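Step one of this worksheet: look at the structure below.
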Amino acid sequence: MQSITEKIDIKALTLEELKASLKIIGEKEFRAKQIYEWLHVKLVRDFEEMTNLSKELRAKLASEYELICVNDLERYESKMDGTVKYLFRLSDGNVVECVLMKYHHGNSVCISSQVGCRMGCRFCASTLGGLTRNLKTSEMLDEVYQIQRLSGERVSNIVIMGTGEPMDNYDNFVKFIRMISSSDGLNISQRNITVSTCGIVPKMRALAEEGFAITLALSLHAPNDEERAKIMPVANSYQLQDVLNACDYYYEKTGRRVSYEYSLVDGVNDTAACAKELSRLLKGKNCHVNLIPVNPIKERDYKRSTGNNIQNFKNILEKNRINVTIRREMGSDINAACGQLRKSYTDKTMVQEVNL
């Protein structure tokens with residue numbers, strides 16, 4: 001039950017929800033369309049910027065609603081490829097990171113779905129501090145909005161592959177998809193949105209029923225349960241065959257080809273035997289494998305595969321008629337891999353606090 005003093009998160013309201021909410025406070029329904037456009041098209045950060053509303057209405061909105069925005073904390077631009085890494089501060093002081101990647105086909109942003117992550121994948125910097133909390137729908141939206149504001153360029157593609165497991169924040173993530181792709185908002189095509197999961201089977205199946213046209217990317221990283229469990233604790237909860245069945249179900253329901261993400265770790269999952277086993281596992285599936293040279297993490301004793309091993313792995317998959325690419329590295333000179341910048345910032349902050 002909402003307390004008397006708690007304000008409503010206006011940015012997390014759909015247009016229909018906003019209409020209903022405004023009616024409760026005695027405002028006309030047509031105002032909802034105006035306000036929604038200010039929030040989700042013009043991307044304003046303050047009610048005072050809504051200049052076609054009366055001063056009285058703006059004051060009323062400020063008293064009834066909370067306008068949640070993320071704030072630019074640090075920003076780094078790659079000298080290699082123009083990739084921009086953003087560190088955003090949330091209203092409670094937590095920080096999240098996002099990446100803007102510029103391609104010839106448009107601008108793509110990688111956003112976070114949680115502050116930290118509880119999945120514990122051994123090769124990922126995001127999990128080192130555990131999970132702090134879920135991001136609100138409004139915060140996920142404003143990650144995209146803030147990047148578009150700061151860059152001055154339209155965002156056309158979104159990958160939800162930053163910090164966090166989206167399926168562990170399912171309701172907020174699903175509402176984010178509906179709102180970011182709404183024709184009343186930024187209207188980003190669902191076909192240009194990709195969500196990554198480590199394999200939470202019930203939520204994957206639920207996502208297949210949502211009627212979305214987004215791409216599902218599975219963080220696979222090993223060709224069998226035994227090896228997968230060594231680097232991904234989630235494998236102890238969901239058997240690989242059940243995860244793959246959920247991927248097949250997603251393809252059946254949506255017609256969208258599933259992408260399998262495979263981070264190559266030297267001496268762990270990059271052998272020819274692993275490549276052959278992976279080929280057998282995915283044989284006959286309409287899918288794509290994305291090979292990722294793992295980013296070294298000083299807290300883990302994992303190293304990226306050699307260039308020869310990466311190419312050999314790819315060749316074996318291709319010989320077995322598996323669609324495969326090696327992910328292009330972007331922003332490697334600015335710690336653009338998931339979790340690296342946030343961790344560097346929090347480590348630095350902790351050192352400063354200790355030295356006070």
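Even glycines carry a Cβ here, placed using N, Cα and C.
According to Swiss-Prot:
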ACT_SITE  GLU97  active site, proton acceptor
DOMAIN    103-333  domain 'Radical SAM core'
DISULFID  CYS110-CYS338  disulfide bond
BINDING   CYS117, CYS121, CYS124  [4Fe-4S] cluster binding site
BINDING   GLY164, GLU165, SER196, SER219, LEU220, HIS221, ASN295  S-adenosyl-L-methionine binding site
ACT_SITE  CYS338  active site, S-methylcysteine intermediate
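Features as recorded by Swiss-Prot, highlighted on the structure.
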{"residue": "CYS121", "record": "[4Fe-4S] cluster binding site", "contacts (Cβ under 8 Å, 6+ apart)": "THR127, CYS198, SER219, HIS221, ILE231, MET232, PRO233, VAL234"}
{"residue": "GLY164", "record": "S-adenosyl-L-methionine binding site", "contacts (Cβ under 8 Å, 6+ apart)": "SER112, SER113, GLN114, VAL115, GLY116, CYS117, SER126, LEU131, ASN134, LEU135"}
{"residue": "GLU165", "record": "S-adenosyl-L-methionine binding site", "contacts (Cβ under 8 Å, 6+ apart)": "SER113, GLN114, CYS117, ARG118, MET119, THR197, CYS198, ILE200"}
{"residue": "LEU220", "record": "S-adenosyl-L-methionine binding site", "contacts (Cβ under 8 Å, 6+ apart)": "ARG228, TYR260, GLU261, TYR262, LEU278"}
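For the pair the residue listed as 'active site, proton acceptor' and CYS110 (disulfide bond), the C-alpha distance works out to 9 angstrom.
A gap of 8 Å separates the Cα atoms of ASN295 (S-adenosyl-L-methionine binding site) and CYS124 ([4Fe-4S] cluster binding site). When the Cα atoms are compared, SER196 (S-adenosyl-L-methionine binding site) and CYS124 ([4Fe-4S] cluster binding site) turn out to be 14 Å apart. A Cα-Cα distance of 15 Å separates CYS124 ([4Fe-4S] cluster binding site) from CYS110 (disulfide bond).
Mean pLDDT for the domain 'Radical SAM core' (103-333) in this predicted model: 94. Largest CA to CA distance in the S-adenosyl-L-methionine binding set (GLY164, GLU165, SER196, SER219, LEU220, HIS221, ASN295): 19 Å, whole number. In the shown protein chains, 19 other C-beta atoms lie within 10 A of the C-beta of ASN295 (S-adenosyl-L-methionine binding site). Secondary structure from DSSP puts CYS110 (disulfide bond) in a beta strand.
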